[in-house]
Every structure is written in C-alpha cells, then in structure tokens.
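Report on the following structure.
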C-alpha cells in the first residue's frame, strides 16, 4: 500500500512497514514492474563521522511530478539504490537536469541527478569535499550511473569558454577509457574491466578546474584470452570496423575480425553497439582532450601491434643437441611488426624465442620451447596493452590537471568493477572481490558502525542494531604478515621449488580454523564432503556470498614477469610511444631489483583509495541487477535478495529508523538558525550549546524531538527539520525584503542626487551656451579688449601668486627681490619691493624697545649728516654710542663739573682744544647736556667755559679720518667775544650727532653741520683760515700737525 497518494509502493525504505526482507523485495518488484524506479526519501541525509549533512528545505508534494528515471532508485538517507531496467527510458537530458537543479534532494522523486545535485551543492556552498561511490555486481549499471553523475555536474556548474573546455575534456575522457578499458562479458555488454576513480576539482565558485583519474588493475589477461560468449576490449573491434581503408592499410590490418587470434571468433558484434560509429567518437574525444594527430596515430599503431602479436605462430624446433626450442612458422607477421615499430624482424624473433639470464658477470642465453615462447608472446602483448592503457590515462591527466597553486574543492566519482562469481574464478576475480570487500567495509564503517558509535560518543541513549562487519574477511586477505596476499608474495619470493600447490598448502596450514576460509584439506579435516570443491581450489565466504578460487596461475599472475629480452627489444624500437612504454629496457637503467608483485601493487592502490574516500563526505549509488539475462521486465527475487542481503540494506534502514534523522554541530547549527530567535539574532555572546538551547526553547519544539549531545544537536524526525527550514526560509524572505527596501531607498536617493547633479550641470551648460550666444551677438566688438584684460589679469594674478610664494626673508638687511617676469610689471615690482622693505622695517621697529629706538634714531641722524661725506663715518656705524667716555657716573669729582646744571649729560669725553694763535693743543673735558656745552680743564673740577646751545651757530668738520671740528658761536654769546672753538674729538661723529639733536630739541632749529676740506674760525675780532691736508700716514688714530702759516692761516696735516 503506498504511503503517499499517487506513488507506487514505498519511495523511502525508511518508511517501509513491516521492515522485513520479504516486504523489501515486494516493494522493489512492485515499483520495478511499474517502472516507478525512483524513490524519494523523507529523511534527511545523515552526517557521517565528523561530516555533517546538507540542510534540506521543505519538500513539495510528490504527486505533482512525473516519472523521472530509467533506473529503479530508492533513497536511504544519502544512499540511492539503482535497479538496472535494461532499457532506455525518457528521463534524462537538459529538461530533467534543470528540474533537479531547481529542487533539492527530497523535493522530487529519487534520481541519480538528485544525489549528484546534493553532492555538488554541498561541495560548492559548504566547502566539503565529496565522493560518490558506485558499487554493485557486474551488469548492475555502474558505468552508466557514473556517466549520469558526470553529465549532471558538467551541466549545472559554471559557464564560460575555459570552463566549457574543461567540462568537455572531463566528459570526453569517458568514451576513450571505455574503448580501451571496457569489454563485453557474459553478464554485461559494456563491462568495465578496470577500476576508475576520478577526482573532479572545482574552484571556490563551483566551476570545474580539471581533474585526476586513477585506474586500478586492468584485466590484461583478456587481451590474449576470453571466455565463451565474451569479447576482447572494445577498441580492437572499433578499430577494425571504423577505420577507413587508408588507415587499415597503414596499420597493415584487415577488417575481418576472424583474421586475428586474440579476438573471439564467436562474438564479434554486440547488439545495440555500433563499433564503427564508436570509433569515430573515440577519435573526436581524443582530439577534444588534447591528443595530437601524431599521438592518436601512435596509439592506434601500438593497438594494431597487439593484434599482430597474437598472429605470430610459434612452432616446435630442436637444437643440434636435441634440446626443444621454438621458431616462427611464418616470418611475414614478424616482419610487419618490425616495419611498423622500427625493429629488425630477426631481433623480434630472437626476443620471442630465447631468454638471456645474467649470473654475476656472465650472460647465459637459453632457448624457449613452444609453450614458453607462447607465454612470452602473450606476456608481451598483455604488457604492451596494459602500459598503453596507463599511458592514455596519464596523457588524459596531463590535459585535465590543475595547477598546484590553486585552492580547489574535490568531488570524487568511483566506478569500479563489481563483485564477480564465475564458474572458474582466478587471480583477477580474487583481487576484484577483495576491492569490493574494502568498499563494503567503507559503507559499513561510515553508515552503520560509525552511526551507532557516534550516538555512544555523544552520550545519546541507543539500542544497538546488529549487522555483519566484514572486517574479518578484509583482514583474512590483506593482513601484512598472515593475509592471503602476504602469503602469495612470500611464496613468489621464496627460493626453491615454488608452485601454486605449495601456495595452497601454506594457506591450508595457516587458515585451517578460519571461519571464512575453506578448501578440500580443511573440509576433510572437519569430515565434510563437498564434491564441488576442487583439489586446487579454496573458498572464501565473502560478504556477497561464497566464492571458490582456482589457484592455478596465481603465482605467475602475481609475479607478472616480462623477460628482459622483450623489454630491451621494445626499447630499441624506433616507435616513440612504444619505446617510452619500456624504460626498463634501456641498458643504462638496468636494475636487478625484483619489481613489486601485482598483488602488493593493487593492495597499496586500494589502501590509498580507501584513505581518499575516508577524507570525503560519501554518497552511495548501490546498483542492483534484477536478472542474469539482461532482459527488461524480469525481476528475480532470489538474485535481488542476495544482493540486498550483502549490501546490508535492511541493517542500514534499521539504524536510520531507530536513530535521529539529522545532527549538526552546535556552532554550525546556531550559525544557520540563529536568525529565528530575537535572543540569538543578530548577535549571541554566550556559548554555542546555550544558544541552541535558547533558540529551540523559544521555537517551542517538543523535547522528544531533540537530543543534546556533547558536541551536536540531534533531531529525530524530518518534519522538525522541515519546520526549521521553513521558518528560516520565511525569515530570510523578511530579511531579504528589508535589505531590498534599504537598497531601493539608497538607489532612489543615489539616482535622485545623480539626476539633480546632471540637471545642474545641464542648466549650467545651457546658461553658458546662451550667454555665449548673446555675447557673440551683442558684444563681439569688445572681445579683443576683454580677452586682453582677461589675459593681463591672468598674467598679473600669476605674477602676484608667484611673488607670494617666492618672497625673500624678513631680514631688514636682506635687499634681494625677485625680478619681474615681464617689463610691464617693473614699476609695480619696484613699488612692491619698496613696500615690502618698509613693511620689514616697520615690523623690525615694532619689535624694538624705546632705548633701542633712540639709539637707532641717533644712528639715523648720523647717517643723514655724515654718510658719504665723512671718511670716519663707516667705522662709527657698528660702534654703539656710549656717551660717557670719562666714567662720569662713577667719579663724584667729575660730577661737580655739571655745577648747577641739572640736565642729563649726553656726551662726556676728553677733547683737545687747538690754540688758534700757535696751533698747539691742550686737553679739555667736554660735557654736552640738553642745553649747554661745558668745557673745563682736566685738572680742575669746576667748569671753565659754559656755552648755551642757543648760542651755537654751526659746526664745521673735515671730510677726512680726523676728529677736528670747529664750534662756531654767534656774537651775542657771553663767550663769543673770544671767538670760535677749534676742537679735536675721538668720537666726533657721535658728539656732533648728539649736539645736532640737542640743538634741535632745545631751539627747534637745525644746527648747521658743514663737512669741508677747509673752513675759517673767528679769533677775537679777526678770522683764521683752517686748511686740512691729508698726510702720508693711514693709521687707525689720526695725528695732527698744526702749523701757523702767516697771521690768518693755520695748516693742519692729518697723518
């Protein structure tokens, strides 16, 4: 009975009632027969280990969506069960990709697209590396499932020329690898005979950057031998069917497949498969990937070489001593091989029919019998093809690889051979089934064991669900010291007689009591009789059932030896590709070290694969084969039951039903849902767990739905998570509306301001244009004058601004001034210079004290009186006027000279009075006050002569360095009757300057100061002419020599 209206059967096995094997099979069969082959899970994908699941929004009603898939698929959390319908159904392509891209994992019916979408979105949005594990028996549809995943991811990721190129290269790697690695088997027309793991690498935006392909254990034995009803690898048939006549002629091939020993004559064609068309697709794909035309040609030549090796027929021959040997029946085939690869046919024949053994420093050549030669030929063919396949994979990786400096996210897709149980199982089936055991162990560890252990770690109450743990089987095969592979390697390396029988005997001895190992010897020891068990066989109880292996050729296949003669012959070939496949054939690189065995290499590869898978978030596609005959519509309950049993589907469902649908770390849960509570949004300052408890408490969610672990929150039913997601969606809509409102307001304001600015600009331009039109219309005649004025003003402005920035210093003694740039500014520049100088002087004067001002005034007066006239003036400029040169203030006796005069003393110094009668000089003390000139004898303390300044009519002074001057008095003076005074002063400039200012202050008249070479003085009632002559001396202190020349002339010589 369907759970939901409109659905057939149960789409989610978690909802299946009763949960038993019988109801599971009936549900699968019901849906398969009605072609309802996709099942939608109502449960959220579970977090595995430390990886957390994607959060899924509310699902839409399933009845509103049509049929979507060509594979019967059922979700168990993030596990999809795919049942091969063996027919094409119209549920793929861009329309369905777009539909599943727009919805989430639970919104539509189950589909591989939905699982791929969940993995891609989790990788892109949550920065989690993903892997998709595709497992199942041969013929269950694993290869098609991997192509669906690749096509979906390529369709939904980013666009762009470079991105599209990368996507096309990734997609086109599939037809190339299928052609060289797939073949028709009894169970599957397109069976992958190698394991493939592809890491697709994306940038932070989710656009593909490239990838890396890793291949595992190509079934190279198929090159030389196939079972009845099977074919060799597809490429051989595609080459013969699709190559044109010119290419076939160049490769020396015939189109008829029956002409080649390595091709099964019974089955040359496969229904529904066009080899010729596929060959063209392969060539185009190689070009897209980046193969050059030369590389494609070389690949096809090596492929043809493998076919031609199979046609080399070996015959019995005998040496002269009767030792069996071998030879080539028809040398034409060997000759064609030599011509194709650039080798001498004799060298090829020698390498096939003999063997060189090195012992110490000696080389021993031994001939091979027919059986040994056939083994060597087949070994060479297998090695050539295997190495060619590895070269193709590496060449594809070179084209799609990503630079090491780029940060990338990774999605891995694993498409590996399924579990195989054949009539005759050999070494290949043993390692294939070992790999599937390891993949099953990953599934158990991550979906069953880890699920229950997580509840225990988090302290969540839990009732344990029993399940089968295949770790004991994996340990039986891979244990480093006591595993089957270890025993096989030990037997291969052991000296002495080694055979498959000795290997089996060792296994029987070591595992005689192992519960998952059986052989004829162990059965006899337990008195069990099984006629189906051969003497050279052993049986392992795998998770998928019991498989009996025939140990015949185990040793040889594990050794995987190729005679050194063959390697060296291939290295000598002139064919570049073939030569590169056998680097060990180079004599300079010969190594006697034994190469690793096939089993150990495969074990190491599987270990690396497991480590890679454990580091990613796993997603599972569990492929189921409905019948053994590849017939559509047939459903074998027994066959499906076996697969469902070893896949552990029921145990997985029980764990998921009994546990919690969703769990997430407190921090990430709070980060996602904190916007639902006012207490936690927009900021929460407390602990993560307290925040989650506060958040869920305010949402009023039932405590039965929740469990708080040590580091995670657990939610039991999907509807609670759907409720949280719905509330979050509504809240995001509210916040988005708020953001839109603010943004639109900002955009409108910005637009208005831009429009207003534009309007102002347009108006300004319009008004300017209008004014220019009016100007041109009415004022064109005055344009030259206006322009000239404008230019002049601009130049003047530039001149003044330049002058402003280049003014000289404010030092009053600095008279520098920049020159005018144009002559028209010379006068203005001079006026500005004068103004600037006056401003500097005023500024300087404003800083002076009254005393300093008085000193400068006296110096200024001296300058006006004597500058350029008196030779001793320059020496007086730097010397400050002291006034008192006789120590008047400190000598009380001298102060009595003032007598009753209370006026301040302006100058007090010792002068020399020249006798007008005979020219002799005598010392006198001269005191200058503001009203009088006082002369007295140096030896007396009383004034001898007092002259009022109003009676001084003038002063005459020479222009030489001397201090001689004549003091002229008017006749009204009390002492005027005696005549004028002729005096000599050492400070004549200071004395006369201060006398000039004193007379001016006292009488308001300017004292006449005459600078001349000769002057006259009154002497009583007559006058005496004074003539001054410059003598030869030029000392600092002038000396006077006065001589009377007649009664009215006095000659003064200054030395």
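Every residue gets a Cβ built from N, Cα and C, even glycine.
Since this is a predicted model, take the numbers as computed values, not measurements.
Per TrEMBL, the stretch carrying the note region 'Actin-binding' among 560-582, 583-605, 606-628, 629-651 is 606-628. Proximity of distant same-chain residues to the region 'Actin-binding' (606-628), defined by a Cβ-Cβ separation under 8 Å and at least 6 residues beyond the stretch ends, is recorded for 28, 32, 48, 51, 72-73, 78-86, 112, 115, 118-119, 122, 128-137, 139-142, 145, 149, 187, 197, 199, 214, 216, 410, 412, 414, 418, 434-435, 438, 442-443, 445-447, 634-636, 639-640, 643-644, 647, 649. Per-class residue totals from DSSP over the region 'Actin-binding' (606-628), listed helix then strand then coil: 9 helix, 8 strand, 6 coil. Averaged across the domain 'Myosin motor' (8-729), the predicted model reaches a pLDDT of 82. For residue 142 (ATP binding site), the Cβ neighbour count at a 10 Å cut-off comes to 28, with all displayed protein chains included. In sequence order, 185, 187, 188, 191, 417, 418, 419, 420 are the residues of the chain that are 6 or more apart from residue 138 (ATP binding site) and have a CB within less than 8 Å of its CB.
With all protein chains in the displayed structure included, the most crowded Cβ environment within 10 Å among the binding-site residues 136, 139, 141 is that of 141. Of the chain residues outside the ATP site list 136, 137, 138, 139, 140, 141, 142, 143, 84, 188, 191, 418, 623, 625 have their Cβ within 8 Å of the site's Cβ mean position.
Here the Cβ of residue 137 (ATP binding site) has 25 other Cβ atoms within 10 Å, regardless of which shown protein chain they belong to.
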